[in-house]
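*Asks:* Dumping what TrEMBL says about this protein:
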COILED    B:10-44  coiled coil
DOMAIN    B:79-362  domain 'Aminoacyl-transfer RNA synthetases class-II family profile'
BINDING   B:171, B:202, B:225, B:335  L-serine binding site
BINDING   B:202, B:203, B:204, B:218, B:219, B:220, B:221, B:289, B:290, B:291, B:292  ATP binding site
SITE      B:337  site 'Important for serine binding'
């Protein structure tokens, strides 16, 4: 077995956790496979006799394309000093909105959005008229300038100079107005939510439809505990100390925590296993900055400065903490035109995530279920528009396979129109059974954002189809760039997974069994047992 | 005033009582003010210094130990930035757009290297009895101060969260130090040895120049930090244990390094004694700090309020009640870097580069990277 050839001889016994009773060496020596603690088993493939060539065959394809043309556009210099000036512009297709205003209006209603479609169309029309006027004036000014080049009578010249001056002043005013209109239009138009997939159920949260249901709730013949109690008895987390360190008076409601002992191994095991699994599917592993500019947060469709914002801001700067790796990954190809051969670009990003959870309170937020900081592996895909539905299906399949491997009982929901975030064209949520909470809890979310984010982040690709005519030199034959579609999906949100695993795999004696797939990533650990005192 | 009094006598006493009360209020206010002033000044006093610490500036630091020698290369070597670019391991440019300079994405094998380093390090120090932890990375600024840092000073290293008294941690030393704040621990619990994995955030305000290129100085990085709470008489011992653990880790990875006993002018205020390890970084053509081990004695514990109850029985026969309990004493705290990932990546890439542009993975890390032995250039 390829696996064994790379494993050292260290037995689990040497993994002495401070308060865990020593495992007897004889029990382990008899086992054929002795795994070093916290082995990262990325290449289970090697077990099937695959030769040790490049571990990233799929990467080779992504990288063999011509280099990415980074077209970094510097933001236009903002004249004047407008407080509400947006710092960036979304490339919104106003013409399309106007031509499809009925559908857009219905969509806004279905999503309970506050967007003001009438205002957008009105502003757009005004702006178009103003633009025509500006162009007309510019044309006249150029005509005057041309006339001045020839031989002229002094009086004629003087008259033209006057005319030129008036035109110039008029233009300046109009151009200022145009800028203001453009900004207003942007502000209104950015509120318009993404369109909606035709199969999405219309309505509120309760209209979401179950696409798939896997497994069934485990039957316990004893009084079960919730993850908080299990964690306390197994010395796996500490919320109280965290509450002190953060001086929150409601100790049981504290949303910060320390993980300890096997819970740390569980977190590392979950992350490593998840990364390993999605890398096999061709995802490029990444770690990302967790501090980003607030404009990037906005371009992804979040509101860093809104009331009840989920976003932490850094004092004295325009930076924020990320709530999900979707944001820094979305930013990687900002303002770029990608070669078509690079698509699809599939990233699996590991990061810590920070959320204020402002406005979230109550029993459903006890323990690890809702916290301010957590580790997550996020999948992010950039693809051609015609392929996004396909990759949405692929992403949800990957998630379902991961959760099935861990033996979880879960259901996949097609979220209703009222429950989609503004960026999502369609969203699948997976809710897993959490026996201690006695209900299903969301463990992942997979969204197809079509071109909502890419129009804001400025991510396009150059289609490489040859034109029908014979190939000529020059740009004439290059197809115009199109906006990519982006998708994001949670591969593993660690605290929710820990809740699931602890509550579902608890035993009568208070221990917790580790699901098989995770064991090689936890040094072979099979069970989290109560510590002897 | 409790007894039987003549009305005039009672009146006189009431007057006297009132005057005394007013006088007291004033004096108590003055006392509070003085206490605050005293605290402010006294907190400025640095920790005492171990007698063996060399006195002087940075250049007075003494080499305690030197291990290995610089690798000899038969070809033109590259620095980690160039290696990273050619092997598609990091992206600084995209991060500069998204976040600012000194931010980065790790990609491909660099992610595996980070995970491998962390997992291997945790595994190694757990064998030595350290309790593994992950910690909050947002903490109250008072905890930062109690550990001896200055969150609000000019050129502060600390990021603050807008609209709150919270900060981002620059090291797990802070949230771990905070675990036992304002507590009295049973002596039998000591020594308490934690190995905490966290992301760390530093503004690096005031740090500039070529020495800060690439991964050498960044705003965000992963680190495994060892933190020990022990009895005062044992802290020198644990300081030696911590530096030994660090040296064993770096030797296992085949690094060429030197351990320095830092001079008095180079100790942070909390440190009684500090050992730094500097590893040879061929691409930078110099030694660079990869870890630091400090014995803070009771500097942090006096601020964090961490004490223990000695359990020696009194000489007399045991009696009931508190009379026989020894008074609580402040613990000593120590902290030491087990693994600061970016600096380790610099070391590994630069030291293990091959002529063909690939990088060999040191043996101990391979099982933690799925058996990966080499980071090879991607075929085009």
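Backbone N, Cα and C atoms are what each Cβ position is placed from, and that goes for glycine too.
Burial and contacts for the listed features, if you can.
*Replies:* For the coiled coil (B:10-44), the predicted model reports an average pLDDT of 92.
Counted within 10 Å of its Cβ, the other Cβ atoms near residue B:225 (L-serine binding site) come to 26, all protein chains included.
Around residue B:204 (ATP binding site), taking its Cβ as the centre, 16 other Cβ atoms fall within 10 Å, counting all chains.
In the three-state DSSP assignment, the secondary structure recorded for residue B:337 (site 'Important for serine binding') is strand.
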*Asks:* Who are the chain neighbours of the coiled coil (B:10-44) in space, where the CB to CB distance is under 8 Å and they lie at least 6 residues beyond its ends?
*Replies:* 1, 303
*Asks:* Could you state, as a whole number of Å, the largest distance between Cα atoms of any two of B:171, B:202, B:225, B:335, the listed L-serine binders?
*Replies:* 18
*Asks:* By the criterion CB under 8 A from chain A, which of the binding-site residues B:171, B:202, B:204, B:225 would you report?
*Replies:* none
*Asks:* Using only the residues recorded as binding ATP (B:202, B:203, B:204, B:218, B:219, B:220, B:221, B:289, B:290, B:291, B:292), report the maximum Cα-Cα distance in Å, whole number please.
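*Replies:* Output for ATP binders B:202, B:203, B:204, B:218, B:219, B:220, B:221, B:289, B:290, B:291, B:292: max Cα distance 19 Å.
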*Asks:* Apart from B:171, B:202, B:225, B:335, which residues in this chain have a Cβ no more than 8 Å from the mean position of the Cβ atoms of those residues at the L-serine site?
*Replies:* B:169, B:170, B:172, B:173, B:174, B:200, B:223, B:337
*Asks:* Is any of the binding-site residues B:204, B:219, B:221, B:290, B:292 within 10 Å of residue B:335 (L-serine binding site) (Cα-Cα), and if so, which, in sequence order?
*Replies:* B:292
*Asks:* In whole Å, how far does the CA atom of residue B:171 (L-serine binding site) lie from that of residue B:337 (site 'Important for serine binding')?
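*Replies:* Cα of residue B:171 (L-serine binding site) to Cα of residue B:337 (site 'Important for serine binding') measures 9 Å after rounding.
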*Asks:* Helix, strand or coil by DSSP: which one applies to residue B:204 (ATP binding site)?
*Replies:* coil
